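Peer 1: This is the structure I have questions about; it appears just below.
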Amino acid sequence: MKKTFSALALALTVCLPSTLYAKNNVVVVATGGTIAGAGASATNSATYTAAKVPVDALLNAVPQIQELANVSGVQALQIASESITDKELIQLARKVNELVKDPKVNGLVITHGTDTMEETAFFLNLVIHTDKPIVLVGSMRPGTALSADGPLNLYNAVALASSDSAKGKGTLVMMNDNVYAARDVAKTINIHTNAFNSQWGALGTVVEGKTYWFRTSTKLHNDSSAFNIEDIKGDALPLVQIVYGSDNMLPESYLALQKAGVQAIVNAGTGNGSVPNYIVPTLVKLQQEGIQIVRSSRVANGFVLRNAEQPDDKYGWVVAHDLNPQKARLLTALALTKTKDAKTLQEMFYNY
Ligand code: DGL
């Protein structure tokens, strides 16, 4: 009798269609962007209106996602991502935090505009304490366009977010078949589907609904982060702004930010974070007056080396290491909720 039962159990296990296995529960949190965009014709791949299509229509357009997981949708925002401010970022993070705390939720997909997807992904990487997959996804073409990239990006994102192998890997960005770490991915091309890249490479890839991993991030994130959205009160972060480096700059660009009340300035300098000799005195004075100065670079790849182009130890300045200016702004703003010490801030740039 016992032998018969175990043979039957084995037979059932082997032949049960995968759709009968317990599928993970994935919530798609929609915020807008091109993936929710619509153009006038199928040939409008770059001319369209972002943030038009509601989350249910996004999910219904890719019914195959229901084979991967039990998928439901939430409309958190409906906005083109260039218009997301710290207020919306904090609001979204609180919604994400609420969802990951729900034991019935196994993973999240966040559909988002590509313009500032890297910022939102990095912020969630820093402030959401969970090992559940949080996957940001967007598209470079609206769903109305020929060869729209959104549907397959969404399918891949649900596959990733429903995969137990994605747990604990940090907040992820799923674009153009590649899985990127939130902390080092950036939008490096502003009009093609292979828009997202990382100088340190993708973490993995998704092909036909299966995730293949090739590396993991070495930086603090999510459960290992000292930051937590639950510690942020109100709907604003300490004010930090970016100045873009070029030739023929004006000290007034920085003094105007001081007047606006910034607590730190990220300088997107030329080369390895260089500062013109006629701007240095202004930044030295601002630091002495309590404004943190963070040297980042307008150059996409590499990292800013401390005490190389500028004597950072002497001036009490911070280097952004390999973080681009827009991510340096967010880490500096979060850091300022905990410290005003430049040395402590510098360590955070090496650890996150
Ligand atoms: N308005 C841009 C945004 O929402 C469109 C870019 C996109 O989503 O691909 O980020």
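Glycine is no exception: its Cβ is also placed from the backbone N, Cα and C atoms.
Just lifted these from TrEMBL, have a look:
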| type | residues | note |
| --- | --- | --- |
| SIGNAL | 1-22 | signal peptide |
| DOMAIN | 25-216 | domain 'L-asparaginase N-terminal' |
| ACT_SITE | T34 | active site |
| ACT_SITE | T114 | active site |
| DOMAIN | 240-349 | domain 'Asparaginase/glutaminase C-terminal' |
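Help me understand the surroundings of these features in the structure.
Peer 2: Take the CB of T34 (active site) and look out to 10 A: across all protein chains shown you find 30 other CB atoms. DSSP assigns T34 (active site) to a helix in the three-state reduction.
T114 (active site): 23 other CB atoms within 10 A of its CB, across all protein chains.
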Peer 1: Could you pull the average pLDDT for the domain 'Asparaginase/glutaminase C-terminal' (240-349)?
Peer 2: 98
Peer 1: If you measure T34 (active site) to T114 (active site) at Cα, how many Å is it?
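Peer 2: So the alpha carbons of T34 (active site) and T114 (active site) sit roughly 7 Å from each other.
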